[in-house]
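Visitor: Got these off Swiss-Prot a minute ago, pasting:
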type	residues	note
BINDING	Gly42, Pro43, Asn44, Gly45, Ala46, Gly47, Lys48, Thr49	ATP binding site
DOMAIN	8-240	domain 'ABC transporter'
Amino acid sequence: MRNDDMAVVVNGVRKTYGKGKIVALDDVSFKVRRGEVIGLLGPNGAGKTTMVDILSTLTRPDAGSAIIAGYDVVSEPAGVRRSIMVTGQQVAVDDALSGEQNLVLFGRLWGLSKSAARKRAAELLEQFSLVHAGKRRVGTYSGGMRRRIDIACGLVVQPQVAFLDEPTTGLDPRSRQAIWDLVASFKKLGIATLLTTQYLEEADALSDRIILIDHGIIIAEGTANELKHRAGDTFCEIVPRDLKDLDAIVAALGSLLPEHHRAMLTPDSDRITMPAPDGIRMLVEAARRIDEARIELADIALRRPSLDHVFLAMTTDPTESLTHLVSGSAR
């Protein structure tokens with residue numbers, strides 16, 4: 001792939017804190033094409049926000065390089081800043097100003113004339129369905145409206161790269177869908193997007209590729225379907241109507257339920273999962289055995305691994321992350 005197709009090129013980036021004792025990022029490399037959406041996933045403290053901070057020139061890497069829209073984040077930070085938009089969980093607009101005033105202010109800061117800034121503000125208020133609230137102080141906006149005006153300010157001049165750090169956290173479903181639609185529009189405009197999110201179904205729906213990072217290291221990369229395939233084959237999920245019947249179901253399934261799956265059951269378990277390489281045949285046989293044992297079920301179905309399964313299978317437990325943090329691994 002030609003370099004001019006690439007909006008983001010990260011090569012061997014390393015970042016440490018505490019005089020090198022805490023490794024936030026360790027030899028991270030990836031590329032993002034123009035118009036591509038990359039989902040950056042990982043548990044808390046994995047290094048996602050540190051990566052966004054480096055790519056947006058808020059902090060410098062200790063080693064490695066990162067090129068954004070042709071500009072080096074260390075030697076050409078001004079060029080990088082002219083080429084990007086960044087939105088995070090904290091809205092970065094002025095609550096004392098109206099939505100329109102914020103947009104005009106950003107336009108003027110970008111060097112637009114007064115008339116051009118007002119015209120662009122009107123266009124963005126229309127695009128983000130905020131015309132009715134344009135004259136109101138942003139401090140009176142709802143969470144979804146505040147997030148939309150924040151993103152709109154980042155689009156006063158179209159960026160080449162967008163960094164969206166958990167943009168839908170805390171939003172209601174309607175506002176969240178509006179952000180999803182916005183990300184889809186970025187693709188059409190050729191804007192490369194790096195999305196961090198705590199909602200795995202969001203990454204599944206929006207991302208062309210997903211990068212899974214844990215303890216500062218990329219542990220998996222690929223499309224959502226490729227990562228799901230790595231997490232395992234189709235499995236059968238069985239939910240009893242009465243949780244007291246779990247042991248009876250285990251007995252009825254017999255050899256269908258592998259020993260290590262039996263060992264995973266705890267007093268708090270509310271369902272049984274087992275591999276189903278034969279798909280529907282396994283489901284039918286399991287249902288037959290349970291029916292013969294006269295056990296009532298709330299549900300029995302074939303499932304495919306979701307990104308939740310990928311996440312749980314490939315990343316460490318948050319309590320382990322705390323242990324690594326104390327001992328000098330990722331931030």
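Glycine is treated like the rest: Cβ placed from N, Cα and C.
For each feature listed, report its degree of burial, its nearest neighbours and the pertinent distances within the displayed model.
Guide: All protein chains considered, the CB of Gly42 (ATP binding site) has 25 other CB atoms within 10 Å. DSSP gives Gly42 (ATP binding site) a coil state; it is part of no helix or strand.
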Visitor: Tell me the Cβ neighbour count for Pro43 (ATP binding site), meaning other Cβ atoms within 10 Å of its Cβ, over all protein chains shown.
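Guide: Its Cβ shell of radius 10 Å holds 21 other Cβ atoms.
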Visitor: Could you tell me which of these binding-site residues, Gly45, Gly47, has the fewest other Cβ atoms within 10 Å of its Cβ?
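Guide: Taking Gly45, Gly47 as the binding-site residues, the minimal 10 Å Cβ count falls on Gly45.
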